[in-house]
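Single-structure report; data block below.
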2 protein chains.
Amino acid sequence: MTPVASNLQIDSARLWDTIHETAKFGATPKGGVRRLTLGPEDKQVRDWFRKACEAAGLEVHVDGLGSMFGLRKGRDMSKPPVGLGSHLDTQPTGGKFDGVLGTLAALEVVRTLNDAGIETEAPICIVNWTNEEGSRFAPAMMASAAYVGDFTTDDILSRRDAEGVTVAEALDSIGYRGDSPVGTQKFTSFVELHIEQGPILEAENKTIGVVDSGQGVLWYDGQIIGFESHAGSTPMPLRRDALATLSEIVLAMESIAKKHGPKAVGTIGEAVIANPSRNVIPGEIAFTIDCRSADAAIMDALDKDLRAAVAEIAAQRKVEVKLNLVWRKPPTHFDPRLVDAVENAAQALGYSHRRITSGAGHDACNLNTVMPAAMVFVPCKDGISHNELEDATQADCTAGANVLMHTVLALAGVAS
Amino acid sequence: MTPVASNLQIDSARLWDTIHETAKFGATPKGGVRRLTLGPEDKQVRDWFRKACEAAGLEVHVDGLGSMFGLRKGRDMSKPPVGLGSHLDTQPTGGKFDGVLGTLAALEVVRTLNDAGIETEAPICIVNWTNEEGSRFAPAMMASAAYVGDFTTDDILSRRDAEGVTVAEALDSIGYRGDSPVGTQKFTSFVELHIEQGPILEAENKTIGVVDSGQGVLWYDGQIIGFESHAGSTPMPLRRDALATLSEIVLAMESIAKKHGPKAVGTIGEAVIANPSRNVIPGEIAFTIDCRSADAAIMDALDKDLRAAVAEIAAQRKVEVKLNLVWRKPPTHFDPRLVDAVENAAQALGYSHRRITSGAGHDACNLNTVMPAAMVFVPCKDGISHNELEDATQADCTAGANVLMHTVLALAGVAS
């Protein structure tokens, strides 16, 4: 790294301004953002992003699933670029930082390099991945999943939202079905900056999370079939109460996750009683489980313990409990060389830092299956995300963007 | 009782036919009945009932809340009549017996007395109470509650259904807002035949339940305010999970009710997670509790234990739990003389019987606050009610109607 590069800092005020400027596209009354993928607000932010990329001298192209790529030439154009970026879509009641920070920080890196007249050895390419959130179309992280070959482009194009609109129709309606076949924009490596979406960095007062792993995920769909009966006239010993059954499952999941902790979490986030009534014992409940660990052996243990607990509870309460594993994503282990590069950048810049596991899934987790990838985390207030209250400080966002820039410079090299 | 009266039996086939004839009004594909109070199907069954009453020589009048009264003259018209009956409205997916049996058995008693040429000393009056179920308009047992003075007629007339239609408008639309002021039809006593809506009689193989009491009811509205956060990135020890909190409350309610059993039940029938998502820890849940006992001291103990448990759970989990008592109905103790009359009739007729507490609320429980009242229960299949699968045997319905008839004859007296 040249001296000029090692002293380089991004323009904090400009980064902060772009975050707030784009937050207008889908702004909510409570200060959050509602920018569902491929909707009119997403078109607005995409148009803004394309223009900003072009103004920064980038060559923009869009792939067949709408992911946007802005290429900055390097000295050696025989090398594939180093990729950096994230996503610009949000949750239905999302915040200003989730995804946005990583995409706009990538733009800010380009602008800073431009201002400083720095040419990199390898080219760099900033990316806005389509539909990371998965709120409108399933699955989440759909475009990066197709990029790495987990789904075909045609499969993803045919997915429908709740109104029956396909991804293809949505792309066409906003003019973002691009010409580049999905997966043809190659990278030597990919780095994604993101807010932590958890409370650890803030609690430990660290500025930078050097993300070395991502949790594997087990998703289950569950159903309890007890017996609906009158709350007044059914004696306690004769009940087959679906909600009491669920309650034991919730507490079992909690204690199993704690037993395998700290590298395990387990959550029941959805539970719907069929035909609920104040004076009727719940007879049927549908629920979902989300269970995670960064350790594959712990994931196996979570699954085994959960199934055993559910079977025991069902037998004791004389109810039927169905538990179907609907998704199993193995843990992500980010590329050690890239993780070191992130850590070195944080260290060289003098930021407090720690290694951290990503609790959430990210496009970088998908990309890591086909190329070296890594992530940089910065704290978010109270660990809150997917919420209009989501917040992060300008100083932390700036630090994250600086770490992103110096990691990318280390990977791409600075032309001497 | 004259010999002729003591040998008297109702016409089992005729009772069974009327039950199935009226089940056509609002019949559901699964063999149940959907006959919401004051709707078009309720008008159909009311018109049928009025015609049947008139054909049986009864003088029909309707009160200001639509309750229907069919008076059969007695020898001594200076005495108020003995009342008998129930309701003809059903739950949205109700059965053929709940309420219907008691009303049509009352009609069958009149028809049988007519056929046998029996005159009673006091008159008798059969009743169809408006809106016992409470599914369309709250509260349940609305007309009998107004009859005993718990609500004014104007208050009840102004209650609205989910579509905003008032009771007054609904009564007018089907032509059943009658002339008689509510409460002016006096009775010396009231007897109601009903299916048990619980499993006890069937389990003990008894034909007749001699209902000596009705449970008191505590209704609570509850709210849990924890903290919504990401299921992947929030470590187990930092969670404030509303569903895990609810789970502990559900299991606490269950164990408290068992501790005070067998004369206590407690149920959480409704629980709704705010903004549920598979990968979000539930932050807020609204729930309801229904807690009952036939013993006032046990009701107090249930309330005290529940509040203590909820406070402890909330403190341990660092969440807020609001618990508001929205309704408290004291236990019903039916009139001992009437309870004895029911028991004597069952004994004289040779039916197996036992004293029983009504787990559910009934119009007779309201009436008991202003006059001697009692109830007769017959078994229902598997204790199922408020369900299209609700079922009862012809033999049991017949036995119940016979007990009803002989109880009424004992109360009204047979003219010699």
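Going from the start of the chain as shown, residues are counted 1 onward.
Positions of Cβ are set from backbone N, Cα and C atoms, glycine also.
Just so you know, TrEMBL annotations are computer predictions that nobody has curated.
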Can you tell which of B:GLU59, B:GLU133, B:GLU343 TrEMBL lists as binding Zn(2+) 2 with B:ASP98, B:HIS386?
B:GLU133
Matching residue for the Zn(2+) 1 site, where TrEMBL names B:HIS87, B:ASP98 - out of B:HIS20, B:HIS194, B:HIS230:
B:HIS194
Listing the binding-site residues B:HIS87, B:GLU133, B:HIS194, which lie under 8 Å (Cβ to Cβ) from chain A?
none
Can you give me the same-chain residues 6 or more apart in sequence from B:HIS194 (Zn(2+) 1 binding site) with a CB-CB distance under 8 Å?
B:SER86, B:ASP98, B:GLY99, B:LEU101, B:GLY102, B:SER358, B:HIS362, B:MET375, B:VAL376, B:PHE377, B:VAL378
Cα-to-Cα gap, B:GLU133 (Zn(2+) 2 binding site) vs B:HIS87 (Zn(2+) 1 binding site), nearest whole Å:
9
Those binding-site residues listed as B:HIS87, B:HIS386, and which of them has the most Cβ atoms within 10 Å of its own Cβ:
B:HIS87
B:HIS386 (Zn(2+) 2 binding site) versus B:HIS87 (Zn(2+) 1 binding site) - Cα distance in angstrom:
14
Please average pLDDT over the domain 'Peptidase M20 dimerisation' (B:216-316) for the predicted structure.
95
Using DSSP, what's the helix, strand and coil tally for the domain 'Peptidase M20 dimerisation' (B:216-316)?
42 helix, 35 strand, 24 coil
